[in-house]
Amino acid sequence: MQLEKMITEGSNAASAEIDRVSTLEMCRIINDEDKTVPLAVERVLPDIAAAIDVIHTQVSGGGRLIYLGAGTSGRLGILDASECPPTYGVKPGLVVGLIAGGEYAIQHAVEGAEDSREGGVNDLKNIGLTAQDVVVGIAASGRTPYVIAGLEYARQLGCRTVGISCNPGSAVSSTAEFAITPVVGAEVVTGSSRMKAGTAQKLVLNMLSTGLMIKSGKVFGNLMVDVVATNEKLHVRQVNIVKNATGCNAEQAEAALIACERNCKTAIVMVLKNLDADEAKKCLDQHGGFIRKALEKE
């Protein structure tokens, strides 16, 4: 696909004279365009749901969720991956973000990195990619060689693959087993795909990782019951989670959390089933870590 023919490289009539308007009008133009992004994502919800189900199946069998991207796309993958351990208590290696150019590229532009097919393959080899893993290639244009080569290598290994782009019929979409293509149209600043396309990618990644965690028992109701208390705010959140899940008061919630080394799931089962910490943990283990299953009458 030629660059000049891509939707993400098109000219947006709504912003054709954005350099001549007031600051407030400038903001309105950008905001009006941003409003279209959730609607574009809504149109591909079935594709996102299909990807979540596959990711959950693979991760449940011992696989990992691997994000692969360049520039903004790579940074968004790293951002999503880095939030999973503190939010859901998973090991840091379960969700992995890879960016063309390596760690230096997180904060700096690395010339030519996205054009390196070898880089995409080598980065996956370096993390010991296996057929059980899922590789999600992220590229707004859908033409990034680093991502395409990585997806091709992953498929050769037998991995399930997902391609996220914002141009229909892109190479990323055709290379991946599952294509997620929110078409957000031309950017306010021509070709600046960190804007609407980046926002769409962020929304999709939010759904992929959150959907995986919900289906893995990391959420009870809408509570993040595997949150790790790494600061005072999260200590308070843990107490509120136990309170909201059980109806107990703050003192009871804190006492239960202390007794079970601050594991919200265990504390919730302790309170609701009147068990001690060891009994509650055993009950959870017997039910795969799912609170609802642990609470069912035996």
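Positions of Cβ are set from backbone N, Cα and C atoms, glycine also.
According to Swiss-Prot, the protein has these features:
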ACT_SITE  E83  active site, proton donor
ACT_SITE  E114  active site
DOMAIN    55-218  domain 'SIS'
Identify which of the active-site residues E83, E114 has its Cβ surrounded by the largest number of other Cβ atoms within 10 Å, counting every protein chain shown. E114
Three-state secondary structure, the residue listed as 'active site' (per DSSP): helix
Look up the residue listed as 'active site, proton donor' in the DSSP assignment and report helix, strand or coil. helix
Considering every residue in the domain 'SIS' (55-218), what is the mean pLDDT value? 97
How far is it from the residue listed as 'active site' to the residue listed as 'active site, proton donor', counting Cα to Cα, in Å? 24
